[in-house]
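Copied over from Swiss-Prot:
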type	residues	note
DOMAIN	44-123	domain 'PAS'
DOMAIN	211-257	domain 'F-box'
MOD_RES	91	S-4a-FMN cysteine
REPEAT	304-354	repeat 'Kelch 1'
REPEAT	357-404	repeat 'Kelch 2'
REPEAT	462-513	repeat 'Kelch 4'
REPEAT	523-571	repeat 'Kelch 5'
């Protein structure tokens, strides 16, 4: 009675009864809709089953641990718990087979529990199935929907749960992770290894059992999710329980998402339908499946050109501008849809285009936006910005004002961070002066404005270098034609910067300098590929001497002591590869556009560096 009085008083003080009534109305609306839908055909696996009355619960989202403040009569009938036994408690007690149990039953799926927790933390709706138990221990399947309820200010005040219970027949004596058949076996094994009276027995017993006493939810959500895919694979070899847990596809996806970021894992989602997350993570970590292949596509890109810029938008390659005959700046846009049965280049019809240019950059933001910056036009160098939404019904190039822009330039480098911010670095002015500045433009704001990134020191001015993103906001700069005293020389140095720092600063990447360690030869206009795991692959470009531009070099800039290593790849690589004409598609495909004969580019011929297994047929 005291608990009920305290709960009632608290809800009265914060005027929450009105919200509960709203929640009940929400539930009643659901019943009415359900009755209306009874005549509709139901498929196996659908969420609602009209023959089973739904249970409704409401929890307080403003209190820690989401305590229950309301359950309906159906809940009491199906679970065997009275309202006064459960109000003020988190509803996880339904995962316990016995009311006195201290942890949930091992057959309850920890991944579903983790997903529920994530949805509650992010304030989004959840739908799924979960094993529950009646008060007497009878197993139930709970088809559950959780929906947040917000107040006028948008604050989540309550969470309503709609539950459809059905009895299930499962073998409760079977555990999901059979680490040991009996605890006695563990005791006997420990006794054999270490006498029970020795200090080693106690040390071994505590160390061995400590982590296994954690629930699967804690292991998955709080421990495994914080590790790299490589570390998770190693942990999976420790015992059968951890092996089963690390083999769970949802756990593997959660590990990859936390290690690589939501944007990258979202891009890789289509690959997991063929390879699944475990194999994909292994192949991207070990690079065991990497290979070159060559294919041709249809269509025509006319007029012929060089010095164009290309990028990937989903599974589409986009080409803009370039240098035509007699150094004519071109302003057309072409797209190649790799999902098509017979991919072919097609011109994008637009009402107006940005001024023609070459030596510019073309980037993809927000999944479907194309962003053009700078380059050399008819009247000299440019510093304008144009955006086109490729998914729009009628794609249109629109100029972005951007406040005070950077100096006009060409042969600069650009990249995108956090999916929506354009970063521009270096390049060359009309007078031939090399630049060392770095600018950022956030195109998601109402009035995008260029912002220069102030640093106490910057790498030598350069053009033709590469910018590669790793760790979400960190950038690796490599190569280019850089100032070296009074000379301009190809560079082989690498630098990093973290734009999330309060005071970002450039740092030269200090690589291991052991005898015999390989380093990429100095180069410019090369290819730099950012892998999902944060490593960077360098190849191609303009190189002096007898070095092969097709040799691949790999580095992990996040390592404490980074070192370059050569990546030997089977297959026939392209003879030449340039950064402005190479795209990364889906995180696992590096496409090099065309070879060329003299001044003529062959854009119907593509070389692909496959970072993961391809299970479809060649194009």
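Even glycines carry a Cβ here, placed using N, Cα and C.
Its Cβ taken as reference, residue 91 (S-4a-FMN cysteine) is surrounded by 21 other Cβ atoms within 10 Å in the chains shown. Here the repeat 'Kelch 5' (523-571) is broken down by DSSP into helix, strand and coil counts: 0 helix, 19 strand, 30 coil. Model confidence over the domain 'F-box' (211-257) stands at 84, taken as the mean pLDDT rounded to a whole number.
Residue counts for the repeat 'Kelch 4' (462-513) under DSSP (helix as H, G, I; strand as E, B; rest coil) come to 0 helix, 28 strand, 24 coil. Residue counts of the domain 'F-box' (211-257) by helix, strand and coil are 37 helix, 0 strand, 10 coil (DSSP-based).
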